[in-house]
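Annotated features in Swiss-Prot:
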BINDING   His22, Asp160, Met161, Lys162, Asp235, Arg241, Lys242, Ser258, Lys262  ATP binding site
BINDING   Asp24  Mg(2+) binding site
BINDING   Glu50  K(+) binding site
BINDING   Glu63, Gln99, Asp235, Lys266  L-methionine binding site
REGION    99-109  region 'Flexible loop'
Amino acid sequence: MAIRIKSTRVGRFVSESVGLGHPDKICDQIADSILDQCLLQSKTSHVACEVFASKNLILIGGEISTSGYVDVVQTAWRILRNLGYNETDFSFLSCINNQSLEINQAVLKNNEINAGDQGITVGYAVNETKQLMPLGVLLAHSFLKQAEKLTKQFDFLKNDMKSQVVLNYSLNQVECEEVLLSIQHTNAISLTELRKVIENNVILPVLNQYGFQDKKPTCLVNPGGSFVLGGPMADTGLTGRKIIVDTYGPYAHHGGGSFSGKDPSKVDRTGAYFARFIAKHIVSLGWASECEVSISWVFSKPNPQSITVKCFNTNIQYDEVLINRVVNNYFNWSITKIIDKLKLLDFVKYSDYAVYGHFGNDLSPWEQPTELDKLECLIKNFH
């Protein structure tokens, strides 16, 4: 059964997500936990942490300048123990350096935070869900969140897992055509029984939650067969390799920079959060039903180089040129102001965002459109 939806999309869109125990996400969680520990001790910490996991080895590297002290290995073990690993499973190598003095001097000038690098960041919003996120992205995450709950109920389920969802859009309605789940398990359950458990306890409940109740999609559970060996033992992991999972799936562009392990002076993270903040304002105001915001940055400069808004012909009340004028006039914020406004050094525990996406959680400061009245007033003056 297709459900009604506010959307002008036509055709198939495929979204994916990965779980807590996926090797790339293990690395992201470790990197963000190290970042959290640094910022907890000193808000002026500069962190660019990378993690590599393969077989029984975990390598933690990068540049960290902080007045505090963080035991990166013990921080990593807190993540790994939560996933069921013990001290005999991994050895560690650590190669942490201070941030380059040249970069540090360029980033901090006159108590102002400047862009830690050049780059392009992208934000997106669409009114097809109440979170103003693409439906397929939310579905892909929801299947794995539900499966994660089951790992606490059934010992035969493990944390390395992936999802993939095929949605077919047409004429303001959407059908879920196919759901693919690959979930690590033990030898204590047969593949046939595993498929029944996942279909009945994960796929169908989530589909019902989203209104897909009458027509069951094609369900593929572990289509490759058994999946006993998982995590870094089966597949090498690296920070920053799931940037599309972290954002908007196939629905929007991406600037290319990853988020995990990076403090707010890094525009890859802060710029992407800011772009989402702007896009959500535009859709919340009804200026467009779909919006993509691209922001470019110049190394050592405090303000955006450019902000470009695309509405994909979904803007009715105001011309896209006018929307761009208003956005560039109002949101030409410095990085210091962005960090303050989005509470990036006060509110955020970054490891909470290392899995299941950085956008769509209404509690996140960048998800709260606080400037609606000011923008509405400004566009009327420009109009």
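Cβ coordinates are placed from backbone N, Cα and C, and glycine is handled just like the others.
Annotated features, which come from Swiss-Prot, shown on the structure.
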residue: His22; record: ATP binding site; Cβ neighbours (10 Å): 28
residue: Asp24; record: Mg(2+) binding site; Cβ neighbours (10 Å): 21
residue: Glu50; record: K(+) binding site; Cβ neighbours (10 Å): 21
residue: Glu63; record: L-methionine binding site; Cβ neighbours (10 Å): 16
residue: Gln99; record: L-methionine binding site; Cβ neighbours (10 Å): 20
residue: Met161; record: ATP binding site; Cβ neighbours (10 Å): 28
residue: Asp235; record: ATP binding site; Cβ neighbours (10 Å): 15
residue: Lys242; record: ATP binding site; Cβ neighbours (10 Å): 24
residue: Lys262; record: ATP binding site; Cβ neighbours (10 Å): 27
residue: Lys266; record: L-methionine binding site; Cβ neighbours (10 Å): 22
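Packing against the region 'Flexible loop' (99-109) from elsewhere in the chain are residues 46, 48, 63-65, 115-116, 265, 299-300: each is 6 or more residues past its ends and has a CB under 8 Å from a CB in it. Those residues noted as binding L-methionine (Glu63, Gln99, Asp235, Lys266) have their most widely separated CA atoms at a distance of 30 Å.
Cα distances from Met161 (ATP binding site) to the binding-site residues Asp24, Glu63, Gln99, Lys266 are smallest for Asp24. Sorting the region 'Flexible loop' (99-109) by DSSP state (H, G, I as helix; E, B as strand; all else coil) yields 7 helix, 2 strand, 2 coil. Among the binding-site residues listed here, namely His22, Glu50, Asp235, Glu50 has its C-alpha nearest to that of Lys266 (L-methionine binding site). Considering only the binding-site residues Asp24, Glu50, Glu63, Gln99, the residue whose Cα is spatially closest to the Cα of Asp235 (ATP binding site) is Asp24.
Among the binding-site residues Glu50, Glu63, Gln99, Lys242, the ones whose Cα sits within 10 Å of the Cα of the residue listed as 'Mg(2+) binding site' are Lys242.
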